[in-house]
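J.: Residues or ranges marked as ATP binding site by Swiss-Prot on the basis of sequence analysis: Ala59, Ser60, Thr61, Gly62, Ser63, Gly64, Lys65, Thr66. As annotated by Swiss-Prot, compositional bias 'Acidic residues' applies to 324-338. According to Swiss-Prot, the compositional bias 'Basic and acidic residues' annotation covers 339-349, 565-574. Residues or ranges marked as compositional bias 'Basic residues' in Swiss-Prot: 549-564. Positions annotated as domain 'Helicase ATP-binding' by Swiss-Prot, on the basis of sequence analysis: 46-224. As annotated by Swiss-Prot, domain 'Helicase C-terminal' applies to 235-455. Residues or ranges marked as motif 'Q motif' in Swiss-Prot: 14-42. For 170-173, the entry in Swiss-Prot reads motif 'DEAD box'.
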Amino acid sequence: MSTSASSSYLDDETTWDSFNLDPRLLQAIDQLGFSNPTLIQSSAIPLALEEKRDIIAKASTGSGKTAAYCIPIVNNLLTDDSSQGIKSIILVPTRELSNQVFQFVEKLLTFSTNKINVLNLSSSYSDQVLNSLLVNKPEIIISTPAKLIQILEKNEKNIDLSTVKNLTIDEVDLVLSFGYLDDLKKLESYLPVKKNLQTFLMSATVNDDLDDLKQRYCTKPAILKLNEDSANQNNLVQYYAKTTEFDKFLLAYVIFKLNLIKGKTIAFVNNIDRGYRLKLFLEQFGIRCCILNSELPINSRLHIVEEFNKNVYHLLIATDETNELNEEQDDDEDGDEDTKDKGNAETKPKKSKKSKFKQDKEYGVSRGVDFRNVACVLNFDLPTSSKAYIHRIGRTARAGKAGMALSFVLPLSEFGKHKTASLASAKKDEKVLGRIVKQQSKNGFEIKPYQFDMKQVEGFRYRADDAFRAVTQTAVREARVKELKNELINSEKLKRFFEENPQDLASLRHDKELHPARIQSQLKNVPQYLLPESARQDVKNIGFVPFHKNKIHKHRKGKGKGRKKVDPLKSFRK
């Protein structure tokens, strides 16, 4: 969800006035700077407002899907004179996206806040505060499916959803892949599904998994599939570089220290330890970066995203644990192809994979979250599926802006040669790359190989070796604990203070150095001889500098000057 869309997505022939929206809503839209509706908005809004149709919409990232369902919801509430009650429920897959949608709805209500109340259930409210807010019967509730069901089961008598007129599920495919289908089935018993319930199902991809939700919640829906991928095709450039396990860190050091990428970068890693190892490695060279992962408190995660969008941070190391959700599906597809190739060959039954991560289930950064003006997505660790790759690179080249995606790929022959820098999922990098290239070529995209000039990079290797040796497993564990303690303090104890003093929130930074066990301050400066000639600065000639100081010259220079006026030997008296 982005607050603005590219001109390639705009429908110049349609104006906001043509939708007969409430004047207060039109004023808020104008304040947001929306000149014209996008293609998805000009198609969905009339169907929702005039024909009262259920809508299943597929549109690419940055095309304005969030506004396409939020504007009809707000407009209907502004013109609704019925009794107070919960009228609309918006479900999203992650807490980050829940907060993002909440902020956008608040902007649409700038000139009508007294009439409509909005509640974000995914915020870190205490049970007592949440119950008091629910008693007021907010018109719009925004939540993840699991959180909503949890609250409904605890407060079934106090929450009445019989007045709900609209149900929206955003990023449907991700909601289903997160395992929320059971929660959505439970929700059916609380909602007036058989009455006049309008449903919006929004996603960047539409597949067969939607059939169950379609049968449960939709009645003769309008299905919108807008092929807008070609709009971004010329704006996104994709590269991959084959490298060794340690050279990933070496290349990251060279790229960020020499500022080879102009603009903001998101570096994706596949687990939390990996993120802290990269941060500890880079900070020894004075490269400031912040970490985003599922262990951090929700308030800290939201603040990091906000500050990144405000250009406070230029390098964000994001842990993408959700990419493992699609690994099994890719393996199954690959297994089907292998079966066809082998013909009558025997196939062993595949063991079911168990989920290994124990972090916040409602965390997600590779999909839906509005990272603004990202120049580059660096897949420091290649994702484990082609679907996860598409979600990651969708963080750049958004809303018609240019972007680049660079992926480090480990050849199978290099796997396991550097144990400290090794990653288990990298063993399948070449296999996954093949799937990614195949998938992207189907969509008309090309992934080009990128060759680094290793002769120029080689001079930095000894410095990278020194820095990497300092990042031990103990240092990673200590940094992880230290970061978590700091963020818990910032998130809980200072929350009320920052609400009363918002100007002091700017001083709260998430990119402070965590410091490994051994600090090497000399690594922060790059000697001129290591830099390529084009990057070297002209050094002024200060003349000959002797190795030793000329003490004789210094002695003669002081000769001839008078002694002190008072000589203690001569002035001494018996």
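Cβ atoms here come from the backbone N, Cα and C positions, even for glycine.
Set these features in their place in the structure for me.
T.: DSSP classifies Gly64 (ATP binding site) as coil under the three-state reduction.
Confidence annotation: the domain 'Helicase ATP-binding' (46-224) carries a mean pLDDT of 88 in the model.
Outside the motif 'Q motif' (14-42) by six or more residues, the chain places 3-5, 49, 57, 59, 63-65, 67-68, 71, 74-75, 78-79, 107-112, 224, 226, 228 with a CB less than 8 A from a CB of the stretch.
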J.: Among all protein chains shown, how many Cβ atoms are found within 10 Å of the Cβ of Gly64 (ATP binding site), not counting that one?
T.: 26
J.: Within a 10 Å radius around the Cβ, which one of these binding-site residues has the most neighbouring Cβ atoms: Ser60, Ser63, Thr66?
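T.: Buried the deepest by this measure is Ser63.
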J.: Can you tell me how the residues of the motif 'DEAD box' (170-173) break down into helix, strand and coil by DSSP?
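T.: When I sort the residues of the motif 'DEAD box' (170-173) into the three classes, I find 2 helix, 1 strand, 1 coil.
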